[in-house]
Amino acid sequence: MDTTPPADTLSGVINAWNEMILSEDESMRERLCDLEKKVLSQGEELACLRSTLADVLRRIAALEIAKPQANHRPSPGNSPRENTGLRYRNARDTPNGREPVRRVQSSTPTSLPHRRGVHYQSTGSLHSDSPSSSSVSPPQTPLMRQSPTNPAPRTIPTPTNLNKRWSSTGDFSNQHQTSGGMVPAHSSSRLSAKSLFNLHMKGHTQNNHHHVKHGCVEYNEEEGSLRMYLRGRPVVLYAPSNLVDTYDVAKVAAPPQQRLKLEWAYGYRGKDCRNNLYLLPTGEMVYFVAAVVVLYNVEEQTQRHYLGHNDDVKCLAVHPNRMTLASGQACGHDGRAHIRVWDSVSLSTIAVVGLGEINASVACLTFSKTDGGTYLCAIDDANEHNISIWDWQRSDKGVKITETKCSVDTVVGCEWHPLDKGSIVTCGKGHISFWSLDQSGALYKRLGVFASREKPKYVTCLAFTHTGDVLSGDSNGNIIIWGRGTNSIAKMVLKIHDGPIFCLCVLKDGSIVSGGGKDGVIKQLDNNLEPTGYETRIAGHLGGVRTVAQGRGPQLLVGSTKNCILSGSFDLGFSDVVLGHTSEVWALAAHPSLQQFVTAGWDSILQLWDSMSRTVVWSKDIGEEGQSACFSPDGQSIVVGCSTGKWLHVDADSREILTSHTDGSEPIQVVSFSPNCEMLALGSRDNNIYIYQLGTSAGKYSRIGRCTTEKRKRKTTPTLISLLGHSSFITHLDWSMDSQYLRSNSGDYEVLYWSPSVCRQITQPSKMRDVEWASQTCTLSFTSIGAWPEGADGTDVNASAAAGGLLATGDDWGKVKLYSWPTIQPKSVCHNYGGHSSHVTNVTFLADESRLISAGGRDTSVLQWRIV
């Protein structure tokens, strides 16, 4: 009997068996996805616990450090200057101007091995042990006033083992050391034999008693004048009468005992950078502006700063442990772009990667995810955009695993796949690429296939779903899903935004948030890319959406294309937490009595800031590029000089523009009220100084005249004609204390004096030697001569300000320097501070002289420094 089942029955069994296998496979994939989600979730929880514990330990350490400082404050009867000596790092400990590499111990248990931190010298800042700063400041040292015409004598104890950090061997004061201790030098000896330079000059001074040369500076003892040369042009400055007989040009001036500590960084770089805003488990937002990476706790209103970079920070990446960060910078003044890996808790540098090996700036950064962040992928901004893989943990400089050409077109995004080992996705102009890193360290690329679909001009952003699919946004406003492990399109949703999509953020619940760079709209989609109905638009003056990051709970952090950061949710709306300028900042002025200041820049925005609350009091679009600004002595009015020759009178309370005037067609470089509030001086790029008389009613100005170039016949030789006035653009102005005189600097390094009431030049500058000046904005003056480095070309020092016995300058190298004032010695030692990545355009002290404000040029940043 034939027991073979019918063919149709056998086919049915096979089909049922296949369906059972397919169902089991699908169930297995779902379980695998669930396990991957749980692993990611648990990894995030562990990272949060580790970072929270590390932050607690950091806070405890900060309190322990602050406690002995509070217990050992100087008594009211003792001056801190008398109890504190100068502190210098031993020259043997800092070869070549850098701090030695030292081992940094992690503050929390972690799976990563302990690393050595690379620390660069902070040039005299409080953070000489670490390129970082925190907003918690030690007790402030009382400031001491010092008159430029009658400087107070200073006696500074000098340890016997003090190693000086400058080339001269002269001492700080008129003391010398003998076997019996410190004894004063002979009062009649102005050229001490202690200095090798003075020993060399001794025979010269015997032959020519009236001239003493020191480097490129020459002092005429008979006239009491100091002559220096800038680009071969002589600049003659006259010493005050009480210093003529005792002035020693070879003496070295000590740096001030006060220091600067970065307290707050205003601004954010969202105009041209992406993926640069994250929330750390400690509750701090991390982002960057200029050369500063900012860690900002909005709830506690505190900032900490990583200051290891020396030029523009261009990209940022967060390690899977959520505590280690990597930041990449552009080519600095040393011409070398690089990546710095650092700890967000201690702010110590762990590794400096790619120094001298990365071309141009670092455009994109991402840590590997599946192996615990062992590797770092970087894309540079060179012509062919190289992609490189680094084992950053292998040494303090990292080890390059591989490098290859990424694309000849612009690359704007790079992300390491969170689930697939060795998988990297990059995107940019007209392409999306899928990379694979094999066991041998070789990189293989597959281009994304758009097939018959319209190819976008730019693929602008990347993200990953919880199942491992790749999401991309493009310049057409579309979102595309690329299947996991493939380079083909699985799904495409058209016209999510009107214009390009600049960011995609996958939230913890699987939903997707997209941000429009043109329409400023933030939309939420579910995991199937279907709209959830949640949608909002940020205010137009804040720009488009540059990046979106998930905050706490339903909160979102939004970075805008106009350098602003917003915080909020779809239900409660969004409010700005960080505001900044979007173009070069030139105008800076401090309020005469309040702890406030104004800034204006080429973005036509005038902003009033409060240094205590660290917020913008008000912001106004003035419709003109701001070039300069000043407060009236009563603080009621603000005058803004514009780049078109126009200047505006703005009411400080109502923000209303009361009057508008135009003087010439060139930028108004500097504006300044006289101390008695009766006159206003405006220095223009057309070489003229315009003088106005203030009327009795608000906003009324009457022009007295202009201080300009004129030809004048000489009395002794009428056939000869003298050319008076500036022959180049005006850079700085200072009023005398009695409002009777004006001094000015120009672009060709002239120092001229004026009688503003008649707009006439004072042709005998020696008669102005004893005039007391209300401000010290003129960088070329006898009391600021020490701020000019040897071999300066005249463009080095851009701005200066003096207060409380201190002189602050901003230079072309992005440095803020602090000197003792008056800075009358050609060789004056200073404290040097980084943070700006462009030329520092302006500096000013606040009314109570406890803080200094500095403005960057192209870096659009405003930094607030506390004097400690």
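Just so you know, the numbers here start at 1 and follow the chain as drawn.
Cβ coordinates come from backbone N, Cα and C, glycine included.
Just so you know, TrEMBL annotations never went through curation; they're auto-generated.
Computed from a predicted structure; not experimentally measured.
Here's what TrEMBL has on this protein:
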COMPBIAS  90-102  compositional bias 'Basic and acidic residues'
COMPBIAS  122-138  compositional bias 'Low complexity'
DOMAIN    302-568  domain 'EML-like first beta-propeller'
REGION    68-187  region 'Disordered'
REPEAT    578-619  repeat 'WD'
REPEAT    723-755  repeat 'WD'
REPEAT    833-868  repeat 'WD'
The repeat 'WD' (578-619): DSSP-derived helix, strand, coil residue counts: 0 helix, 24 strand, 18 coil
Secondary structure composition of the repeat 'WD' (723-755) [DSSP: H/G/I, E/B, coil]: 0 helix, 19 strand, 14 coil
DSSP helix/strand/coil residue counts for the repeat 'WD' (833-868): 0 helix, 19 strand, 17 coil
Remote residues contacting the repeat 'WD' (833-868) - C-beta distance under 8 A, at least 6 residues beyond either end: 122-126, 137-141, 143, 258-267, 269, 271, 289-292, 305, 307, 309-313, 330, 563, 580-597, 599, 601, 609, 611, 614, 798-804, 806, 808-818
Whole-number mean of pLDDT values that fall within the repeat 'WD' (833-868): 96
